[in-house]
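Student: This structure is in structure tokens; I'll ask about it shortly.
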Amino acid sequence: MDFTGNDSCVFRGPHIYIFRLQFFVVSCPHTKMSTLSSSSSSAASAVTLFAALPILLLAILLETSQCLDAKPANATRRQRQLSVDYYAKSCPQVEQLVASVTARQFKEAPVSAAATIRLFFHDCFVEGCDASILISTRPGSKVLAEKDAPDNKNLAAEAFDSINKAKSLVESKCPGLISCADILALAARDFVHLAGGPYYQVKKGRWDGRISMASRVTSNLPRVNSTVDELINLFASKGLTVNDLVILSGAHTIGFSHCEHIINRIYDHKGTSKPSQNIDPRLSKALKMSCPPYGGNPDIVVPFDVTTPFSFDNAYFGNLEKYMGLLVTDQALFSDPRTKALVKDMSEDKQGFFKAFAEAMQRMGSIGVKRGSKQGEIRKICT
């Protein structure tokens, strides 16, 4: 998973594939009637009053009817809520169906784990968690879909394959019921667990989005040179906190990045012609052996987590304490006082990290969800 907009690499056979890693109140107006003066108790007044009573009663009945028919102010909000048991009656086996695909995919191509987690992140941060990342550009269209944006061009085929296979199986058992967006959320959870991370409940009920535009990608994903301020602001724009930024960055405990994203850090940090001062000299030396300043193989990759690159654990945070974070944006989390304390806490508490990561993934999975036919659709084919 790449929370800094960088790519990672999938090894498959002799080829190298790249991936990115209020309360309810209804105001019912009451008819106000002025008190009749006793001095005007004439027959004409009485006749006028009794003649007006049917009209007044009708008005009150109409207003009461409007109050009874009025929908709660939070009705739409309630409709958009997700739930763990959303498919309990319509397709109770959906999680088992998806799990059968992800387990087989992980066994055949373990890199599918980091690839799919990254795919989920890229989907949620652009247009919300609506599977718009899976939509292909229409032939002949001048408007490119999200997946064809520069930041997404190297997303791993294995990630897309995982979702398409799961969707095909689910569609054969529960046709027209399960969204691609929910399948992506379930698959990401499964791969976290298969790689050694936590298993957590996934709330469901997302609909698939109809809008997928490459032009909306760049401004909604972190950059390789993003500052901590920029990262915090970006996450805040998605309803996520500083803690979420740190915890979700822990997904860099698995996956790889290409040399192009660290060249400046190890050779010419901020135009100084020297490596960054906040990188362990031993790591810098090792990286230089794999990543020459010029003319290197663009397919060469290095792990985000140099100690346990294939295991989902909390070693990523311990590496930051030793100045062995791979990317500038990784190491910056230990340098900034707003994030340093949590990095230290997570490096010492694996189970604490797992719990926090599960909760952060659930929050991220609720970004911009679509509900109902006015907002989205249930696609039979994800692409």
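Each residue, glycine too, has its Cβ placed from N, Cα and C.
Annotations in TrEMBL come from automatic prediction, not curation.
Under the heading transmembrane segment, TrEMBL lists 42-62. Residues or ranges marked as domain 'Plant heme peroxidase family profile' in TrEMBL: 81-383. What TrEMBL lists as disulfide bond is C91-C174, C124-C129, C180-C382, C259-C291. According to TrEMBL, the site 'Transition state stabilizer' annotation covers R118. Residues or ranges marked as Ca(2+) 1 binding site in TrEMBL: D123, V126, G128, D130, S132, E146. Taken from TrEMBL, the feature heme b binding site applies to H252. Residues or ranges marked as Ca(2+) 2 binding site by TrEMBL: T253, D305, T308, D313.
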Student: Say you check the Cα of H252 (heme b binding site) against those of the recorded positions V126, C129, C180, C259, T308; which is nearest?
Tutor: T308
Student: Counting other Cβ atoms within 10 Å of each Cβ, which of the recorded positions R118, H252 scores lowest?
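Tutor: Sparsest of the recorded positions R118, H252 by Cβ contacts within 10 Å: R118.
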Student: In the structure shown, which of the binding-site residues S132, T253, T308 has the fewest other Cβ atoms within 10 Å?
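Tutor: Result for the binding-site residues S132, T253, T308: minimum number of other Cβ atoms within 10 Å at T308.
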Student: Restricting to the domain 'Plant heme peroxidase family profile' (81-383), report the mean pLDDT as a whole number.
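Tutor: A mean pLDDT of 95 is what the model gives the domain 'Plant heme peroxidase family profile' (81-383).
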Student: Find, for the listed recorded positions V126, C129, C174, C291, the residue with the lowest Cβ contact count at a 10 Å cut-off, counting only other Cβ atoms.
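Tutor: Least crowded of the recorded positions V126, C129, C174, C291, by Cβ count within 10 Å, is C174.
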Student: Please list, in sequence order, every residue of the chain apart from T253, D305, T308, D313 whose Cβ lies within 8 Å of the Cβ centroid of the Ca(2+) 2 site.
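Tutor: Counting only non-site residues, the set is I254, T307, P309, F310, S311, F312, N314, A315, Y316.
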Student: Could you name the residues, excluding D123, V126, G128, D130, S132, E146, of the same chain that surround the Ca(2+) 1 site, i.e. Cβ within 8 Å of the Cβ centre of those residues, in sequence order?
Tutor: H122, C124, F125, E127, C129, A131, I133, G209, S212, G368
Student: Counting only other Cβ atoms and using a 10 Å cut-off, which of the disulfide-bonded residues C91, C180, C382 scores lowest?
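Tutor: Per-residue Cβ counts within 10 Å for the disulfide-bonded residues C91, C180, C382 bottom out at C91.
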Student: My understanding is the cutoff is Cβ-Cβ under 8 Å with a sequence separation of 6 or more in the same chain; which residues meet that for G128 (Ca(2+) 1 binding site)?
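Tutor: G209, I367, G368, V369, K370 - these are the non-local Cβ neighbours of G128 (Ca(2+) 1 binding site), listed in sequence order.
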Student: Distance between D313 (Ca(2+) 2 binding site) and R118 (site 'Transition state stabilizer') at the Cα atoms, whole Å?
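Tutor: With distance taken Cα to Cα, R118 (site 'Transition state stabilizer') is 17 Å from D313 (Ca(2+) 2 binding site).
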Student: Which one is closest to C382 (disulfide bond) in space, judged by CA to CA distance, out of the binding-site residues D123, V126, D305, T308?
Tutor: D123
Student: Within a 10 Å radius around the Cβ, which one of these disulfide-bonded residues has the most neighbouring Cβ atoms: C124, C259?
Tutor: C124
Student: Would you find the one among the binding-site residues D130, D305 whose Cβ has the most company, meaning other Cβ atoms within 10 Å?
Tutor: D130
Student: Using only C-alpha positions, which one of T253, C259, C291 is spatially nearest D123 (Ca(2+) 1 binding site)? These are the recorded positions in the record.
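Tutor: Nearest candidate: T253.
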